[in-house]
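Feature annotations, courtesy of Swiss-Prot:
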type     : residues               : note
BINDING  : HIS171, HIS175, HIS202 : Cu cation 1 binding site
BINDING  : HIS322, HIS326, HIS362 : Cu cation 2 binding site
CARBOHYD : ASN445                 : N-linked glycosylation site
DISULFID : CYS531-CYS579          : disulfide bond
Amino acid sequence: MTIADHQARILPLFKKLTSLSPDPLPEAERDPRLKGVGFLPRGTLFSCFHEEHLAEAETLAEALVEAKNFDDFIALATNARAVVNEGLYAFAMSVAILSRDDCNGVVLPPIQEVFPDRFVPAETINRALKVDKVSDPNKDTVVPIQKTGNIRDPEYNVAYFREDIGINSHHWHWHLVYPAFYDADIFGKIKDRKGELFYYMHQQMCARYDCERLSVGLQRMIPFQNLDDELEGYSPHLRSLVSGLSYGSRPAGMHLRDINDCSVQDMERWRERILDAIHTGLVTDSHGKEIKLTEENGLNILGALIESSHDSVNKPFYGTLHNWGHVMIARIHDADGRYRTNPGVMDDTSTSLRDPIFYRYHRWMDNIFQEYKHRLPSYTHQQLDFPGVRISRVTVRSKVPNLIHTYSKDSLLELSHGINLKGHIQVKYEHLDHEPYNYEIEVDNRTGEARETCVRIFLAPKYDELGNRLILEEQRRLYIELDKFHRRLEPGKNVLVRASGDSSVTLSKVPTFEELESGNANVNPNEYCSCGWPEHMLVPRGKERGMDFYLFVMLTDYEEDKVQGAGEQTICSDAVSYCGAKDQKYPDKKAMGYPFDRPIQVRTPSQFKTPNMAFQEIIIQYEGHKH
């Protein structure tokens, strides 16, 4: 059977999951391999942050991965679809598809079409359901998306970012590729530097969010600091079609409260133990043995502890700080479940980015990681330099050199694959985008021989919310990675050109359900893995009058950076910076975020710069809505 045949048999299993029968298959009709699943009731919201939900998802994913061949896998998946919770099924099934060798090249259907109720406001879906009853089923009908707030709430100014379908889909897919329960011994594939990727991907989301806040005239976010902080209010305007209930809203001024499975005191205890480990440079494993946090492994160990994942060296002692925090915030309005309400959006990876507290909470997590980073020495001139290689000029080639235009545009989302409709109803929604551009890097190779180089490109705002120039130590945590790629430098002058659409951070194209069904998806199965930052959100919005940014370009020695066992032709090479390379080593020896991952003692770019670096001032200008 071909990849297309496998794709065609998998897609129907993701259709209409919001409309499954509430009653599971009787036990007598269940595959005996499904003995350990079916405990989370259908019609309730699944959370991959909740220990019990995660344990059941792990059991199902393992059973699906262990199916003896593809036909057996499809038979077991079909049986499981009629047994387990709807959200749990989609999660475990997706993890299994990404893990099975006979599913290599199969593209997961976009989660926004599988569960559109997680991405589209309830008012819009309600309108679509009404329109569907009276519209011609043979014609496409378009319903405009409804707004979820207004300018009385300053945070609504960045709703375009928080509610972006692409970034919420990215977060869902990242946690599929790196599920907390992942055990390499069972699934048989490595997840290299998983703990460090957990840190870096979320750190980058926070940096991007702050860039967007500065773009719309808001101050940078204030981190969540203490577990007794009062939280801001938030109403998601989402209603689950699986449960029939709205996602929980949070009035302003509420505090975290104990939930049935975890107390606020547990969270405080875990945080202090993790900080103790950072400050002593030692973690204690479950056998009482001390493990040193080195420059090479420290962040990876801490990432696993903080999340915490299967790789945590001592989960009973260091706890599950990140995951239980998500659940605790999501249940703040009904901590002990007495009102039988749905949790808030923080409970789910495909919805949590909508809530402003997500970014403040993750900046708190990032501050813990930064405690560790501050214990490492700053990079020396020798560690930063690439002797004999000098960047003479960097230019962004667009309509106007060193000026990138951004704008808002409309796109359509099909509802009929996820919701039981008689016709084709599409939602028209607005999202940020940017004009395509190229990086043009002029390099002088004075080594007298051809050299291989890794090109690293970052972007950060030049000024803070008050118009003051940011010093490098403040600015380094705002640097967002735009691209990283490998090139050969011939002796003498070289001009390196790279298109923005080729970024190692972004997904170039997300195929729709319809394109996957028809076989017209037009994606290279060896490159596409669903995990990656959306291409339309590569650069921040900027301001109508233009906003000043530093474009940072650095060339490093590829011979020092390359990793044994990380091939040039990687499976899923579309977005390796945030998602890694599937089943292979992370293709870069340097720390993620290098050279901005460690404290910087000097204040300005000119003091930090080595000849193999360039800080180019550019402007990003927002042009409004494009029809």
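From the backbone N, Cα and C atoms, a Cβ is placed for every residue, glycine too.
Packing around ASN445 (N-linked glycosylation site) is summarised by its Cβ count: 21 other Cβ atoms lie within 10 angstroms of its Cβ, all protein chains included.
Note on proximity: among HIS171, HIS175, CYS579, the recorded positions of the record, the Cα nearest ASN445 (N-linked glycosylation site) is that of CYS579. Excluding HIS171, HIS175, HIS202, which define the Cu cation 1 site, the same chain contributes HIS170, TRP172, TRP174, MET201, MET205, THR349, SER352, LEU353 within 8 Å (Cβ to the Cβ centroid), listed in sequence order. Proximity to CYS531 (disulfide bond), defined by a C-alpha to C-alpha distance within 10 angstroms, is shown by the following binding-site residues from HIS171, HIS175, HIS202, HIS322, HIS326, HIS362: HIS171, HIS175. Using HIS362 (Cu cation 2 binding site) as the reference Cα, a 10 A cut-off selects HIS202 from the recorded positions HIS171, HIS175, HIS202, CYS579.
Within 10 Å of the C-beta of HIS362 (Cu cation 2 binding site) there are 25 other C-beta atoms, taking all protein chains into account. Spatially, by CA atoms, the recorded positions HIS322, HIS326, CYS579 include one closest to HIS175 (Cu cation 1 binding site), and that is CYS579. Most other Cβ atoms within 10 A: among the binding-site residues HIS175, HIS326, that distinction falls to HIS326. Around the Cβ of HIS171 (Cu cation 1 binding site), the same chain contributes MET205, THR349, SER350, SER352, LEU353, each under 8 angstroms and 6 or more positions distant in sequence.
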